[in-house]
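Chemist: What Swiss-Prot records for 1-19 is signal peptide. According to Swiss-Prot, the region 'Framework-1' annotation covers 20-44, on the basis of similarity to another entry. The domain 'Ig-like' annotation in Swiss-Prot covers 20-117 and rests on sequence analysis. The annotation pyrrolidone carboxylic acid is assigned in Swiss-Prot to 20 on the grounds of experimental evidence. Per Swiss-Prot, disulfide bond is recorded for 41-115. Residues or ranges marked as region 'Complementarity-determining-1' by Swiss-Prot: 45-52. Taken from Swiss-Prot, the feature region 'Framework-2' applies to 53-69. The region 'Complementarity-determining-2' annotation in Swiss-Prot covers 70-77, and the record cites similarity to another entry as its basis. The annotation region 'Framework-3' is assigned in Swiss-Prot to 78-115.
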C-alpha cells in the first residue's frame, strides 16, 4: 500500500512540473503558394535561454516532422531539407520568444506547426 501511494505522489509531482512549461504558438493563417508567414512561440515556465528550441509540424493525416532547431545562443541552426533555403528560425531570449519565418510557401507546407523545447 505504501508503494502505491508513493507512486501516485511521484506522478503528481512530475505532472505538476510539466504543467509549468508553456509554449504558445501564433501567427498562422491562410496564404497562397509563394506567400510568406511568420510564426511566433511565446515560452514561459523555464529558463528559455538555456535551451535549444525546435519547430515541428504535422501535415493532415501524417506524422510529426521536424522542421528546424536553433541553439540557445542562436549561434547554430539546422533545417530539414524540405524547408532549407525557404524557412528561417530565430529567437529573442530577452522576450522568451521563438520565431519561424516561412517564405516561398508550398502546398506541402500545409500543417499544424508546434514549437518544442
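Residue positions begin at 1 at the first shown residue.
Just so it is clear, glycine is given a Cβ too, placed from its N, Cα and C backbone atoms.
Model, not experiment: these values are computed from the prediction.
Please situate the listed features within the shown structure.
Modeler: Remote same-chain partners of the region 'Framework-1' (20-44), defined as residues 6 or more beyond its termini with a Cβ less than 8 Å from a stretch Cβ, comprise 53, 55, 96-107, 113-117.
Remark: residue 20 (pyrrolidone carboxylic acid) has 45, 46 as non-local neighbours, by Cβ distance under 8 Å and separation of at least 6 in sequence.
Look at residue 115 (disulfide bond): DSSP puts it in a strand. Cβ neighbours of residue 115 (disulfide bond) (same chain, under 8 Å, six or more residues apart in sequence): 23, 25, 39, 41, 43, 53, 54, 55, 56, 98.
In the region 'Complementarity-determining-1' (45-52), helix, strand and coil residues by DSSP number 3 helix, 0 strand, 5 coil.
Taking Cβ pairs closer than 8 Å, the region 'Framework-2' (53-69) reaches residues 39, 41, 43, 77-80, 82-83, 87, 89, 91, 98, 100, 108-117 in its own chain, all 6 or more past its ends.
Secondary structure of the region 'Complementarity-determining-2' (70-77) per DSSP, as helix, strand and coil residue counts: 0 helix, 2 strand, 6 coil.
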Chemist: Taking helix as H, G and I and strand as E and B in DSSP, count the residues of the region 'Framework-2' (53-69) in helix, strand and coil.
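Modeler: Tallied per class, the region 'Framework-2' (53-69) gives 0 helix, 12 strand, 5 coil.
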Chemist: Using a Cβ-Cβ cut-off of under 8 Å, list the residues of the same chain that are 6+ residues beyond the ends of the region 'Framework-3' (78-115) and lie near it.
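Modeler: Sequence-distant neighbours of the region 'Framework-3' (78-115): 23, 25, 28, 31-44, 48-49, 53-60, 62, 65-70, 72.
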